[in-house]
Amino acid sequence: MSDFPASWQFRSPKARLALWFGWLCLVALFVWCWQVMNERTIWMFVQDAPKQAADIGGRMWPPRWSYLGELMVPLWDTLNMATLGTLLGVILAVPVAFMAARNTSPFPLILRPIALFIIVASRSINSLIWALLLVAILGPGLLAGIIAIGLRSIGFIGKLLYEGIEETDIRQVEAITATGASQAQVLNYAIVPQILPAFWGITVFRWDINIRESAILGLVGAGGLGLKLQNSLNTLAWPQVTLILLVILATVVLSEWVSAKVRAAII
Amino acid sequence: MTTYPTTWRRPPQIFTHRGWRIGLQLAALIYLVFAIGTLEVSWARIAEGGERGMRFLMGFLSPDFSSRWRDISQGLIESLTMTLTSTVVGVAISIPIGIGAARNVAPAWIYAICRSIIAISRALQEIIVAIFFVAMFGFGPFAGFLTLSFATIGFISKLLAEDIEDIDEAQAEAIRATGASWAQLINYAIQPQVMPRLIGLSLYRLDINFRESAVIGIVGAGGIGATLNTAIDRYEYDSAGAILLMIIALVMVAEYSSSYLRKFLQ
């Protein structure tokens with residue numbers, strides 16, 4: 001009779017020890033970070049938080065519905081900011097995507113790294129930071145918001161689009177090339193039809209995200225609903241804040257629904 | 001002899017009906033005219049901005065790390081510690097909520113509660129949550145930590161719940177057949193299947209939280225965003241350029257190391 005072990009264990013003792021050591025390191029790092037982070041935290045304020053929350057909550061309800069009329073123009077501005085920003089982003093992102101894709105880049109050695117850097121730089125800076133910069137440069141207003149949204153969209157659309165271009169079917173490209181088509185014709189008849197559905201999907205998806213972002217860009221002065229939010233917060237008009245948040249929430253839910261419908265229809 | 005057409009036009013790709021196509025293009029055109037019409041642009045202000053833009057560009061090309069180094073390093077430390085603590089706490093809270101939001105392991109009423117927690121966390125934007133937490137808990141990284149933890153819950157729980165719903169049922173069936181309790185089922189059937197992905201998601205969220213930590217400082221929740229905001233308010237474009245370059249560099253490092261680690265783990 002062979003002797004089976006009385007109990008079964010998943011890992012060897014050595015692996016278990018390493019695993020425990022890993023967890024220990026994580027916990028130690030967490031505790032250390034916690035200490036550093038909270039060096040200057042005033043715990044009295046933290047203890048006071050439930051009271052503050054109840055206070056703000058009490059002031060916020062009921063929302064001031066009569067303010068709704070004043071919100072219509074900012075809402076229109078917000079929608080425009082998102083749409084025009086997406087448009088700008090698309091116009092800038094398409095050439096970048098074609099330069100970044102391995103199979104369509106004209107001079108891969110030089111242009112690819114540049115295009116990839118543009119994509120990474122645009123992706124790593126949030127649109128709120130773009131807006132902060134552009135408001136300082138161009139002055140407050142919708143234009144700064146539109147450009148901020150556009151610049152942030154380049155990275156997103158560019159990245160997804162260039163991945164789409166790299167995944168296109170090579171056989172269709174070869175078939176078009178075999179007819180004696182020029183480089184531009186190959187792009188137009190072999191690559192574009194293959195990525196067009198993906199392109200519209202990405203654009204609508206980004207438009208939906210941009211609606212979300214443009215609603216708050218006003219916090220740094222770029223116009224739209226965020227500007228009203230900032231004004232209401234500064235004057236401590238909490239019932240107006242509630243209403244603005246409800247309008248933002250409704251817009252976001254609606255745009256998400258529209259984008260989901262459109263993408264389901266395309267793809 | 002049949003006559004072939006000498007020219008060929010590519011058929012339309014998405015809207016095949018001609019009327020729809022023209023109508024849509026017309027509608028888009030009308031919208032564009034309206035949208036651009038309501039745009040108020042003061043060209044005088046923009047012309048003035050050209051000079052500032054050049055100064056900012058110069059600041060970006062010759063960043064000044066040294067003169068505000070104390071503020072920058074303080075902001076960076078806050079951002080980094082905030083990122084780590086909020087990811088750890090957020091993931092720790094997300095695990096029970098994620099399990100509760102998976103239809104195949106949780107009863108209906110717990111499922112409903114957990115799903116609504118996720119929906120609330122995902123619907124509210126970080127920056128708005130940050131405004132409220134700053135109002136409640138005072139300025140500083142603690143409010144930022146709470147904001148990021150809150151946002152992490154929605155993200156991780158949702159993806160974890162979807163992952164648990166997608167597991168291989170045969171393994172759960174096998175564990176159940178041994179007479180395992182619910183806790184043992186989670187531990188021996190679910191956990192081994194979702195663990196690699198959970199670690200991957202946590203690393204991805206660490207990356208996102210760092211990006212977000214650069215933003216929520218603008219409303220007073222601590223971190224590098226607050227430093228950046230101050231630098232721009234003071235028109236110190238060379239310091240702002242330095243901060244932006246550091247954010248880009250750190251985000252790139254975070255993105256590449258997190259994607260490398262995820263590949264290594266899976």
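Cβ atoms here come from the backbone N, Cα and C positions, even for glycine.
Residues or ranges marked as transmembrane segment in TrEMBL: B:20-46 (among others).
Residues or ranges marked as domain 'ABC transmembrane type-1' in TrEMBL: B:76-256.
For B:76-99 (among others), the entry in TrEMBL reads transmembrane segment. Packing against the transmembrane segment (B:76-99) from elsewhere in the chain are residues 105-106, 114, 117-118, 141, 144-153, 155-161, 164, 186, 190, 198, 202, 205-206, 209-210, 213-214, 217, 222-225, 246, 250: each is 6 or more residues past its ends and has a CB under 8 Å from a CB in it.
What TrEMBL records for B:131-156 (among others) is transmembrane segment. With a cut-off of 8 Å between Cβ atoms, the residues of this chain six or more beyond the transmembrane segment (B:131-156) that come close are 78, 81-83, 85-87, 89-91, 93-95, 97-98, 117-122, 124, 198, 201-202, 205, 208-209, 212-213, 216-217, 219-223.
Here the transmembrane segment (B:240-261) has Cβ contacts under 8 Å with residues 56, 59-65, 68, 72, 75-76, 203-204, 206-207, 210-211, 214, 224, 227-228, 231-232 of the same chain, all six or more residues outside its ends. Residues or ranges marked as transmembrane segment by TrEMBL: B:240-261 (among others).
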